[in-house]
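Taking it in order: structure first as structure tokens, then the write-up.
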Amino acid sequence: EGGHGPYQPHEPGYGLDQPAYSPYEDEIPDPEARMLAIKNAKAYLLKTSTKSGLNLYDHFATILTKILDEQPTNTVDIIETISQDVKWAQFRKKMDTLRDEHVIPPTFEAAEKFKALFVKEGEEEDREELDEEMPALPNVMETAFYFEQAGIGLSKDESYYVFLAFKNLINVQPIQTCRFWGKILGLEMNYIIAEVQLREGEEEEETGEEGEETVVEGEKEMGEGEEEDEQKEKEPEPPKSTYKPPPEIPKEANGTGTNKYVYFVCNEPGKPWVKLPPVTPAQIVCARQIKKFFTGRLDAPVVSFPPFPGNEANYLRAQIARISAGTHVSPTGFYQFPEDEDEEEGADTYEENPEFEPPPVAEMVDSLATWAHHVKGILKQGRCVWINPAQKSEENEEEDVEEEEEEEEEQQEETGQPLLTLISEDEGMKGIPAWTAQASTNLIPEYSIAILQSNRWPGAYAFASGRKFENIYFGWGHKYNPESHSPSLPPPAETEFPIDPGITETVDPTVEEEMAFKAAQEEALAEAEEEEEEEGEDD
């Protein structure tokens, strides 16, 4: 008669709110309601979770069993931890109806990637011969140690993987000298770059093979051209264009200028090394006008305006040449020009100065005059050494002497900064200096090293400690621009053909004008027929 209260018969707790019931009394007024409440409560606890697949009833039972078995101290303080441990113990992987899912641990995947770097090939005698003939392997770990003091570089594991990858590169390629250039970041993958010099004769053989291929291709084109000429003799020739494209600027020879070094790249240590092609002046000139992120795929196209002459491998090689020319520095006096050659003649030749005395770290930090460029700058033409593109062969010189004189007057020879120029002469960027020098630590200045950072190419660093110095780059391969990058605009639209009276399009006649024109033609025909008839009668 008193009602059921807030609980319904199908809800948990039904029957516990009766006025005659008390949990401290032994007598239960309504056993049937009590059993119904217990069943409803148990049914609620047995509801399975849609996320984990567990239910609260079994979870509580497992927790109590674990507590009673282990009997830990201060159970009430660690009940949350026990509940979490029980959940982790009951965690189940996703299963397939046919075969269990095989999950590869990430540590195993990482170990498989670098497994090839730790494989030793050959016997001990072969390895001894290789060690004798092997060129100076760059000590990547020592370089990483010095840059680590300034918070620059890769992790120790990755540095050691790069060290092993360089050893594999030297064993495969005919390399004379090798250096860790740096790491350029990409959207999908990164590039680890090695700067090498091949042994004498290797580059010449490659250029010779390329020359033979070009000769064969030229012969094929000549043969095809003769066949096309025979077909064109039968057909009338179309009008020829009088446009003369600008002369193509030749690339610098291997071992000189922008192609002084050869570069190998790989996405990760352990993957195969890929040799980058030589860079051309047209690629460097175009790379200065665009700004693109690297993808990590060498065969990826470079979509830009102006159009880049090549794919991502050529764009990467152009950016490497630009960064090297602007950021590779050394302590002043460490290199000197050979005695046989003057400063102007020996453009790319220098040698170490055996009498060099390193300045103290404090002086190298305070004065930028203690650093110098040991890589020649790139001219606006895209080369380190200027060349006159108007030069022609000796046969054409006699015919076009006057034209050449006019072109030579117009074109002026470009001159850049000479080799071993002090970095204190570099221009800044709207109040921002081109370089920033600092010590690795101020707490222990006796054991600090000098760190030089390029503000023009963010990510380019150099260190100097005594007679040891090194240059390295870690970045996206972009030059700093104080203003936002604005791409080049397309050329203006071509002008229309000049309008003359004889070329102007006539206005369409109206219907009345057409009818009048037809009537005039008919009258003229009729008069001509009458005149012919009169002449016939006279005859």
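Numbering starts at 1 and runs along the chain as it is shown here.
For all residues, glycine too, the Cβ spot is worked out from N, Cα and C.
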If I go by TrEMBL, the feature region 'Disordered' sits on one of 80-99, 520-539. Which? 520-539
Chain residues in Cβ proximity to the region 'Disordered' (483-506) (below 8 Å; excluding those fewer than six residues from its ends, i.e. six or more beyond): 289-291, 304-306
What does the DSSP secondary structure composition of the region 'Disordered' (483-506) look like, as residue counts for helix, strand and coil? 0 helix, 0 strand, 24 coil
Work out, from DSSP, the number of helix, strand and coil residues along the region 'Disordered' (520-539). 19 helix, 0 strand, 1 coil
